[in-house]
């Protein structure tokens, strides 16, 4: 996956790759969001209910096919093939589930249709089926889009300044510990974020997507959190009944492992879109909405780009115009490159190599403290890894 290493920036009609350690341009952009929007064909902002549903149906056909093959054929396979078939099913089904996760996430952005009720019903059913509290996540994710790359207000994968790093972390930077951290992050990171705000924005009190009194939510969002929780309870009850009827092992093989694969992809995708050794974070003295949202990176997941409905390689446009449907984002990305110039970022590094690099290099953030640093750069924080 990926067509080359190094972060790609544009200059006019050509593109160049930054050398490792070279920083992106972080000066305030010389264009506005309205100028970017003018470069995009108007039809890219149009949402088609029928076309959006076609992607849901398409994904359900694939998911049903994979389920049918596994449920009706795997027990007939010779014993050695049995151990190859199940991991293949888990990867394929988890990938399709990730595509459905992306569609539900688009519903939360009002990118599915022109009808909010339709968007919320579809998004609620899809996300709830994966044990995700739809409305609760919709609210916190909206905050992420409103505060991207803000050191104080971004909602998820917020890097810590060096002074706030745990004392023991310096013992976790060796390769074996890094492998363990990556594994735990991918498998448990998503549910731990939802349940306990792990890797989320710092709040003074307990924070959870399942607690309507969490500081994430306002008083008028209380009912939405309870509706989300009721949906999760219903799915847990359904899983309990399935386990009673078919056995826990069946539920784990057919549902739990693919959902875990989906969770891993969600963490991998969302973390790598805003984390790179060349990327800054801003404190309140330097941050603004456009500047923060341009700290976003398109990446290449190969054929999985299509399976994931291009959320991976059109993430820059998605952050600038989150209500744009995914099926128009590729055309919009091509259109905005000329306006964004060196503010458009793409990294074709093979994705697992990129993940290893980012986990190794992006440990904490600090501003430049040398004497040559300007006063404005004091509010610009860069990733570092020397503890």
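Glycine is no exception: its Cβ is also placed from the backbone N, Cα and C atoms.
Pulled from Swiss-Prot:
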MOTIF     105-109  motif 'Histidine box-1'
MOTIF     141-145  motif 'Histidine box-2'
MOTIF     315-319  motif 'Histidine box-3'
TRANSMEM  52-72  transmembrane segment
TRANSMEM  84-104  transmembrane segment
TRANSMEM  117-137  transmembrane segment
TRANSMEM  179-199  transmembrane segment
TRANSMEM  222-240  transmembrane segment
TRANSMEM  254-274  transmembrane segment
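Across the range of the motif 'Histidine box-2' (141-145), the DSSP-based residue counts are 5 helix, 0 strand, 0 coil. Using a Cβ-Cβ cut-off under 8 Å and counting only residues 6 or more beyond its ends in the same chain, the transmembrane segment (222-240) has close neighbours at 124, 128-129, 131, 133-139, 209-212, 251, 255.
Shown for the motif 'Histidine box-1' (105-109): DSSP residue counts in helix, strand and coil, namely 4 helix, 0 strand, 1 coil. Here the motif 'Histidine box-2' (141-145) has Cβ contacts under 8 Å with residues 105, 108-109, 153-156, 216, 293, 319, 322 of the same chain, all six or more residues outside its ends. Proximity of distant same-chain residues to the transmembrane segment (84-104), defined by a Cβ-Cβ separation under 8 Å and at least 6 residues beyond the stretch ends, is recorded for 52, 55-56, 59-60, 62-63, 66-67, 69-70, 74, 77, 112, 122-123, 126-127, 130, 132, 134, 253, 257-262, 264-266, 269, 304, 307-309, 311, 326. Long-range contacts of the transmembrane segment (52-72) within the same chain: residues 85-86, 89, 92-93, 96-97, 99-100, 103, 106, 112-113, 122, 126, 253-254, 309, 325-327, each at least 6 residues beyond the stretch ends and with a Cβ under 8 Å from a Cβ of the stretch. Through the fold, the motif 'Histidine box-1' (105-109) approaches residues 52, 119-120, 122-123, 126-127, 134, 137-138, 141-142, 145, 309, 311, 322-323, 325-326 of its own chain, all at least 6 residues removed from its boundaries and within a Cβ separation under 8 Å. Per-residue pLDDT, averaged along the motif 'Histidine box-3' (315-319), amounts to 98 for this model.
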